[in-house]
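Worksheet: the structure to be examined is printed underneath.
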Amino acid sequence: MDLLATIVVDGLIYAGWLFIVSLGLTLVFGVLNILNIAHGSLYAIGAYASASLVGAYFAVGGDAFPYGSYAALILAAVLVAVVLGPLLERGLLRYFYGRDEVLNVLVTYAVFLILEDVMKLIWGVNPYFVYEPYTLLGDVEIGPLFYVGYDFAVIAAAIVVGLAVWLTLNRTQIGKVVLAVIHDAEMSQTMGVNVQRIYLGAFTAGAFLAALGGALTAPMISVTPGLGANVIIVAFAVVIIGGLGSVPGAAIGALMVGISRAASVHLLPEAELFIVYFVMAIVLMFRPEGLFAKTKARKI
Amino acid sequence: MRYILFLYAAIAFVVLAAGSIILPDWAMFLFAMALAKGLVCLGIVAMMRGGVVSFGQGLYYCIGAYTATLAANLWGVSDIFALTLFSSVVCLIVGMIFGPMLATYRGIFFAMLTLALSMVLYGTLSKMSVIGGSDGLNIGSPTFLGWAPEGRDLQTALYIYVVAIVVITGTLMRIYFDSEQGLITLATRDNELRVEYLGASVRKVMAYNYTFAAVLGGLGGTIAVVALGHVDPEFAFWTTSGEFVFVAILAGYMSVPAVFVAAIILEVVRSFSNLYFPNTWQLSLGIFLLIVIVTLPNGLGSLLSRRKGGKT
């Protein structure tokens with residue numbers, strides 16, 4: 001029983017931040033039809049930026065009000081999104097709309113390579129630690145198990161972010177416009193929608209979610225080079241499992257990946273590194289386009 | 001027309017083999033590695049002709065390399081012909097298992113499934129301490145039908161061996177590309193449904209392409225591990241596969257020689273940026289890739305090939 005509880009809680013914690021990152025990925029794919037490998041770099045940059053910003057916060061006397069470091073985390077994600085989102089979308093990706101899907105993956109792969117080195121140039125190769133925000137919220141006791149409160153804050157953040165995105169898409173005017181663009185960009189344009197602006201907004205929002213995922217995980221891990229390469233591939237698995245472009249799909253995918261990974265860590269540690277891909281392969285065998293994908297008519 | 005192809009192949013062999021006389025050791029090693037990787041990329045190109053791209057060709061690169069290494073370490077096989085044959089057969093079998101399964105997937109789903117398979121192998125190998133875990137394994141110098149060269153002789157022999165394999169497989173793949181099956185592949189790229197309506201089995205073609213690509217990947221992996229003397233699970237990591245796709249895109253799907261030219265260009269760019277910008281070689285590589293995509297969307301092959309490149 002304890003083991004089951006441990007697996008579920010560990011899985012939820014992992015699923016929490018992973019959901020935030022995957023949501024950004026699936027949003028960008030849904031709107032721009034680009035599977036963004038550089039999403040992993042944005043995640044890593046978010047983690048680095050928050051590490052620097054939180055460090056700076058405590059260096060200028062943040063000890064008096066340590067909770068302010070949470071604001072620093074979120075501010076870091078906002079900064080990354082506001083700077084890099086428009087830069088990548090306006091400066092590069094917009095020239096590739098409507099091109100071959102796989103070619104676009106290659107374009108973002110190039111961006112990923114570039115950003116990997118840019119990160120090393122800015123932050124060096126030594127690991128960064130930001131433990132302060134992690135310890136602030138104390139411990140939570142579940143039965144005989146102790147968890148760090150921050151982990152649950154991340155789960156809560158994931159739920160809030162997920163609901164916010166879902167509500168924005170389905171209950172606001174701007175959300176309806178985005179859905180219209182997803183459905184048919186050309187038709188939306190003829191109806192007077194500024195599609196370019198929707199693209200820019202969606203990409204920046206996606207970048208924010210990636211950076212937010214990075215910023216929220218930074219206190220839980222050591223921030224090192226190569227972080228992005230691992231995260232992006234797991235996030236890919238999540239969105240592929242859930243169906244590309246689907247918000248509930250990203251949630252279910254993140255849960256499946258999180259729980260199966262936690263189960264493997266506790267029951268079969270040898271499988272930890274590949275259980276994610278194993279689950280993805282199984283799902284794709286039975287649902288070739290993911291769990292929540294919309295069926296498309298084949299063009300003759 | 002076929003004798004012209006054989007003539008080209010013979011010329012290519014002579015020109016490339018002549019390199020063994022003039023090239024310095026480091027360049028010969030670089031070319032051998034580039035050609036080995038080119039073989040893997042040729043496999044990706046074979047699939048690309050049908051409109052699908054594998055992001056997990058590192059799977060076969062890695063299987064080939066590990067099979068050769070294990071055969072050398074466990075059974076003491078050092079003959080390069082035996083090693084090559086053995087790992088290609090293993091890759092052929094694995095390819096024949098996964099090929100038909102993957103043949104119905106397209107686009108991003110095909111890419112992700114192949115990627116998943118290679119990452120499963122990566123994860124498994126990293127955790128298997130019996131065969132070196134994430135440190136990998138070493139393999140000794142190869143012998144050539146009983147001849148055990150050393151130093152420059154070994155380099156030269158290996159180089160010529162790679163060139164021979166490249167020329168032979170390149171020629172075979174060209175013949176395959178121009179065969180009925182190969183042309184159906186090209187038609188599939190344009191419109192799959194029409195090909196089905198015309199009575200050809202797209203699934204069969206895709207499975208064949210995948211299986212050939214698997215063997216090519218195994219060949220490349222075997223040669224790479226023999227040249228390097230070391231294999232580790234990174235061979236199956238997705239960034240390795242990403243580089244293969246990079247070369248395939250750089251080459252385009254129209255020309256076979258373009259694949260090897262592209263592979264050599266990538267190795268040269270990588271070595272030089274490693275040398276001159278040691279901390280930013282990924283950055284240089286990324287910029288180079290962007291330039292290629294912008295300036296040559298159909299790949300180098302569109303320059304070499306006389307056939308007009310249609311729209312992608």
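Numbering starts at 1 and runs along the chain as it is shown here.
Glycine is no exception: its Cβ is also placed from the backbone N, Cα and C atoms.
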Suppose you had to name the range TrEMBL annotates as transmembrane segment; which of B:81-100, B:181-200 would you pick?
B:81-100
Interface present between the transmembrane segment (B:281-300) and the transmembrane segment (B:244-269) (three or more C-beta pairs under 8 A):
yes
Taking a Cβ cut-off under 8 Å, which residues six or more beyond the ends of the transmembrane segment (B:158-177) line up next to it in the same chain?
2, 5-6, 9, 12-13, 16-17, 19-20, 23, 28, 31-32, 35-36, 38-39, 42, 46, 49, 80, 84, 142, 144, 185, 212, 216, 219, 223, 226-227, 256-257, 260
Do any residues, 6 or more residues outside the transmembrane segment (B:81-100), come within under 8 Å Cβ-to-Cβ of it, and if so which ones?
59-60, 63-65, 67-68, 71-72, 117, 142, 144-145, 165, 203, 206-208, 210-215, 217-219, 221-223, 226
Residues of the parent chain within Cβ reach of the transmembrane segment (B:58-75), under 8 Å, 6 or more residues beyond its termini:
37, 40, 43, 82-84, 86-88, 90-91, 94-95, 114, 117-118, 121-122, 125, 131, 137-140, 213-222, 224-226, 231, 233, 235-238, 240-241, 244
